[in-house]
Amino acid sequence: MQQERTPLLAGTPRRNSEQSARAAEEEDAAIHGHPVPTAPSSRVREVALFTWALLATAAVIVLAVILQHRNATVPVPPPTETSVKPPSGKRNLIFMVSDGMGPASLSLTRSFRQVIEERDMSDTLVLDQHFWGTSRTRSSSSFVTDSAAGATAFSCGKKTYNTAISMLPDFEPCGTVLEAAKRAGYMTGLVVTTDITDATPACFASHVFYRSQMDEIAMQEIGEGVLGHTVDLILGGGRCHFLPNTTAGSCRADDVDVTAIAQKKHGYTYAHDRAGFDALRLGKNISLPLLGLFASSDVPFEIDRRNMADIYPSLNEMALTALTALEEATKDSEKGFFLMIEGSRIDHAGHINDPAAQVREVLEYDKTFKSVVDFLDKSETEGVLVATSDHETGGLALALQTPGELPVYNWHPSVLVNANASSEYLAHLLVEHMATNADEDEEDLRKWINEDLVVGRLGIHDALEVEINALASNPAAAMQAFAGMVSLRARIGWSTHGHSAVDVNVYSSGGPAAEKIHGNVENTDIGKFLREYLEVDVDEITKELREKMKGMSPAAPYKATEETNPHPLEWLQS
Ligand SMILES: *[C@@H]1O[C@H](CO)[C@@H](O)[C@H](O)[C@H]1NC(C)=O
Ligand SMILES: *[C@@H]1O[C@H](CO)[C@@H](O)[C@H](O)[C@H]1NC(C)=O
Ligand SMILES: *[C@@H]1O[C@H](CO)[C@@H](O)[C@H](O)[C@H]1NC(C)=O
Ligand SMILES: [Zn+2]
């Protein structure tokens, strides 16, 4: 019997309710920079210079954003008010979110697939064939949004401050398309590969001031919010937020058993492992409402999950399950369903700056997108698929010039083809190995790291001594170090471990209804499209929420993280 492997990073700090405030503020950027070695050697100097160049690029970008902030006086014209003509009668809406996927991620994945599957250089992804436009992503508090403000733009159709979960800058709740859809008689579903309490899914079915309030988000998602039951189908990770603190595997601060409340009070069926998922028979054997939590927190990156398929379902499997179940559940109804599917961890790979993990996340997302398109083609019910990202993550660039060299007009997908594990998983293996071999000789450790992890899993045969030493001496920074080794050799650049402000792509199955979001639109226009397509009254939900949640005030006033950071040029002077 295989022991459950979540949480993957047993040796690294994981989110729990207390830590999560800070973790959320930094959006999984408990991810620190690549360590700068200090021992004197020319190779060390090379790495130090390279790091300097990366930092310099980052500083210039940060500065550019600040300058743009100061000069941003040109008003944005309001979106044109042409009326959407949705199809009459029953309809289904599938909204897909590729968290943290920017335009460069598409080029990365397209080229990678051409190499790994020996396809023609004209070969494109399914997403490419459904390109619809681009979306501007800034939030009300920053040019660089977080996932909470990004998802509120979709769920409520309104701009808000970073960290807000369907709450507006006046700290009042806003009704969501999912809540309005449920009220109007649609069936509803959320499918993700991260914690179901994470910002994107949370924004569709809960209202809290800060995304870190995950204990509360879990309660609202299963029907304990002021609106009661709103989500019929939940598939994803984040089980730890639903278990009482008296149970192993809980990350709640209290002793509330959310799974028990979901089942006893709100009638949910609860599935919590692969056997439970298999019993759903890809949606043909489901009784709704269903709460399916198949990982303690995140589902592993697809690059690793494919070797643990006996434990975790894939995004595509969960999406197919949801489509089949919701279609069946609405077959005798006048209304269809609203389903949100998120490729949640494209963003995490971006935060870690791990291109080998990201490319497999995007491929799985593309596969899932195709499943939805195929579903719509076959379905007798009218339907639309709209897919977009909340923001870009990492400032991914598909070229890299290292100090002292001329620009090289190439990058190398083959490096990513050779890498068969995420840097997150390799860091986990390293920490685990060091814990179980505490008395191992340093030389043996370095040998094991190089042979088993670097050569064996990453397919890197030219590791520098300084790189192996950094891994052996600082396992806490190993995740970024492994990712850096892959990126450098593939000539892939990153400008940040956080998000960036670049416009993201919009994809759609198309049709006249989606015309309104053709071209370059505001992220809030996508949110408005969702409610208009379903013809549901979100304002009525907003009114009800404001009455019922009256008197709930924020725990602390919002403060932008930007202000707490040193001036971007400070490092230059030190
Ligand atoms: C568990 O939750 C209860 C409140 O529900 C609290 O009193 C107790 O301190 C918590 N225990 C731990 C170990 O956090
Ligand atoms: C269908 O689901 C039920 C639980 O809801 C389970 O007991 C049964 O074994 C499942 N059937 C199949 C064929 O998997
Ligand atoms: C990873 O898998 C590919 C095939 O998918 C293979 O060519 C490559 O050698 C593998 N790399 C390692 C390090 O095992
Ligand atoms: Zn995001």
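Numbering starts at 1 and runs along the chain as it is shown here.
Glycine is no exception: its Cβ is also placed from the backbone N, Cα and C atoms.
What TrEMBL says about a protein is an automatic prediction, not a curated fact.
Model, not experiment: these values are computed from the prediction.
Positions annotated as active site, phosphoserine intermediate by TrEMBL: S147. S147 (active site, phosphoserine intermediate) has a Cβ environment of 31 other Cβ atoms inside 10 Å.
Taken from TrEMBL, the feature Zn(2+) binding site applies to D99, D347, H351, D390, H391, H499. In the three-state DSSP classification, D390 (Zn(2+) binding site) falls within coil.
Other Cβ atoms within 10 Å of the Cβ of D198 (Mg(2+) binding site), summed over all protein chains shown, number 31. TrEMBL lists D99, D198, T200, E342 with the feature Mg(2+) binding site.
Annotation source TrEMBL lists region 'Disordered' at 1-38 (among others).
The region 'Disordered' annotation in TrEMBL covers 550-574 (among others).
The annotation transmembrane segment is assigned in TrEMBL to 47-67.
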*Can you figure out which of S147, D198, T200, E342 (the recorded positions) comes closest in space to H391 (Zn(2+) binding site), comparing Cα atoms?*
S147
*Would you identify the secondary structure of T200 (Mg(2+) binding site) according to DSSP, in three states?*
helix
*asked:* If I take the alpha carbons of S147 (active site, phosphoserine intermediate) and D99 (Zn(2+) binding site), what is the distance between them in whole Å?
replied: 8
_Tertiary neighbours of D390 (Zn(2+) binding site) (same chain, Cβ under 8 Å, six or more apart)_ = V97, D99, G100, T137, T145, S147, G150, A151, A153, F154, T200, V504, N523
*What recorded positions among D99, S147, D198, E342, H351, H499 have a C-beta sitting less than 6 Å from any atom of ligand 3?*
none
_In whole Å, how far does the CA atom of D347 (Zn(2+) binding site) lie from that of D198 (Mg(2+) binding site)?_
12
*Which binding-site residues out of D99, D347, H499 lie by ligand 4, going by a Cβ under 6 Å?*
D99, D347
